[in-house]
Amino acid sequence: MSSSCSGLTRVLVAVATALVSSSSPCPQAWGPPGVQYGQPGRPVMLCCPGVSAGTPVSWFRDGDSRLLQGPDSGLGHRLVLAQVDSPDEGTYVCQTLDGVSGGMVTLKLGFPPARPEVSCQAVDYENFSCTWSPGQVSGLPTRYLTSYRKKTLPGAESQRESPSTGPWPCPQDPLEASRCVVHGAEFWSEYRINVTEVNPLGASTCLLDVRLQSILRPDPPQGLRVESVPGYPRRLHASWTYPASWRRQPHFLLKFRLQYRPAQHPAWSTVEPIGLEEVITDTVAGLPHAVRVSARDFLDAGTWSAWSPEAWGTPSTGLLQDEIPDWSQGHGQQLEAVVAQEDSLAPARPSLQPDPRPLDHRDPLEQVAVLASLGIFSCLGLAVGALALGLWLRLRRSGKEGPQKPGLLAPMIPVEKLPGIPNLQRTPENFS
């Protein structure tokens, strides 16, 4: 999300000019009638209402008989204040030459609008909203003009003014001030938000470029429930639902993170469950626990949501229903076994050690596949060992049968080159 804040666009300049009448010799009323506005340290011109332009009038402060400006000033029905300050605020009265009161004007001082601060957030893949706040307190009545358009690719000048790219008005929320909502946005498109602040002394605009995947922040999960697990003094079962504002679709899922802590413990433990429930296995026995959940897009677009309201739960301290003995039989051994089990399930003091009985979530098919793999590797190992043993026995047996026969392993040295053997020449004398 990038921000580019500058002057007014061409469309907003025309609207702001109609609203801001500071360029007129006698500004029109902006807001309540009979009120004019000025900026501290700047000159201000007041016009006497109810008289025609150029009519000489006298000016007084309301409740003060001292003359501020006489009819011979040459300014007609106008009063010019060179540099106004906070003491100059108040009501001014103008009178014609015949002493008839022409009217009253109230002067209020303030400042032109500064560039507003704008931020946007999307709670799903189709809608997003933008909020803003003034850059500075102007002290004057203020209006906001909001619009948006779809950004085009660089060089696509023909599409810049296309009806398919806007601009369109961003409807302001009547129930929540300083907020407008865009419906039916395209997830992979980039939009430019235009927020213009206008008051009697001027206007200022902020342009904000947004992408839905970067401003996505779901609402917190709803319906969080925390329940004990009967027979397990170290476990709690938490469940929740998707936020109502998230349109759950097969391609747009949420992932969750869960935090929990015992009462009077400030540190949170965090896990990332799969699905809409989680069994906590390392709670502190006998203590209530606070649990909260937040959500995020499954592919990590945007940011994590705010935390849901905390829900509380206390681990179970009783036995499983099917483990409760039949007390009518009165067997001593059964009573001793139950007492021993109660001692193991409900220790005298809370234990911080993990539960030694973990949940078995393994799939039976996975167990069969593991056993089959172990069997195959065992057979291969036995076959390789048997083959190696057979080769070793064969080589040992062939070495005991006699001298080594010429073959691949026989030395490749001529007989006449062996040391200690005379070199016999095949001559007639040798044959005789």
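Heads up, the Cβ atoms here are built off N, Cα and C, so glycines get one too.
Among the features that Swiss-Prot reports, domain 'Ig-like C2-type' is placed at 27-110. As annotated by Swiss-Prot, domain 'Fibronectin type-III 1' applies to 112-219. Annotation comment: Swiss-Prot describes 220-317 as domain 'Fibronectin type-III 2', evidence class sequence analysis. Swiss-Prot lists N127, N194 with the feature N-linked glycosylation site, giving sequence analysis as the kind of evidence. Annotated motif 'WSXWS motif' per Swiss-Prot: 304-308, in sequence order. Annotation comment: Swiss-Prot describes 24-372 as topological domain 'Extracellular'.
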Using C-alpha atoms only, work out the spacing between N194 (N-linked glycosylation site) and N127 (N-linked glycosylation site) and round it to an integer in Å. 17
Kindly assign N194 (N-linked glycosylation site) to one of the three DSSP-derived states: helix, strand or coil. strand
The sparsest Cβ environment within 10 Å, among the glycosylation sites N127, N194, is found at N127
